[in-house]
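Record features (Swiss-Prot):
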ACT_SITE  72  active site, proton acceptor
ACT_SITE  141  active site, for ring-opening step
ACT_SITE  143  active site, proton acceptor
ACT_SITE  148  active site, for ring-opening step
SITE      151  site 'Part of the allosteric site'
SITE      158  site 'Part of the allosteric site'
SITE      160  site 'Part of the allosteric site'
SITE      161  site 'Part of the allosteric site'
SITE      254  site 'Part of the allosteric site'
């Protein structure tokens, strides 16, 4: 695992955006060989999307030959609902870049047969061979995507019941009314994420410190699904200083020294 400790959330966003752009450009995608990018929603990646838009507007990257797969979607919210992840992605990112709409893949939370929808999504990912880079965030309880605590670490795309902690955390998007938050979501599995060639996780804020500790210093544990990244061959975790508060001082120092050596 590569841990990149930075000073603040703004630096995390800029670093992640530059990393993604460099990966896309190095890949030299074409219509026949697209770069496949996994994407999250939520507050943590929002600034990264803004930075990616800036880099696109500056002519440093094109998304014309990029195919995206989003992590998750609420069950029961139509795409036009302002709190659906369809709406979030188009409003905050896709509408501002040159990605063809047919290259965008987001789970259908309105599907009549959600199991079939999840199987279709997995098959679509397989049709491209693999996801080259999957960006994600982490919940305060260590969940990635909607793989809540005690999720199988080999799980695939499926429907999940959201925990009370997640409902409370997401209620800020629903008039602070936990009863308005959908109780179910479709989500890629931990196994789906682990199949990606590379995983890039953004961790910011004091409230994510325990999750980061579980990810970096804890044992692999299904109660902290983020800990599965320890088994990934190419996992990159980018964090700000507040998120490192529960890590040992020597752990942070170790990874900072590694980054200094990489920069030389």
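Yeah, the Cβs are placed from backbone N, Cα and C, and that goes for glycine too.
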Legend entry - Neighbour tally for residue 148 (active site, for ring-opening step), based on other Cβ positions within 10 Å of its Cβ: 21
Inset, instruction - Out of 72, 141, give me whichever of these active-site residues has the highest number of other Cβ atoms within 10 Å. - result: 72
Legend entry - Number of other Cβ atoms within 10 Å of the Cβ of residue 161 (site 'Part of the allosteric site') across all protein chains: 12
Inset, instruction - Rounded to the nearest Å, what's the C-alpha distance separating residue 158 (site 'Part of the allosteric site') and residue 143 (active site, proton acceptor)? Just drop the number here, would you? - result: 15
Inset, instruction - List the Cα distance (Å, whole number) between residue 161 (site 'Part of the allosteric site') and residue 72 (active site, proton acceptor). - result: 13
Inset, instruction - List only the single closest residue to residue 72 (active site, proton acceptor), chosen from the recorded positions 141, 143, 148, 160, 254 by CA-CA distance. - result: 160
Legend entry - Closest of 151, 160, 254 to residue 143 (active site, proton acceptor), Cα positions, recorded sites only: 151
Legend entry - Neighbouring C-beta atoms (10 Å sphere around the C-beta of residue 143 (active site, proton acceptor)): 26
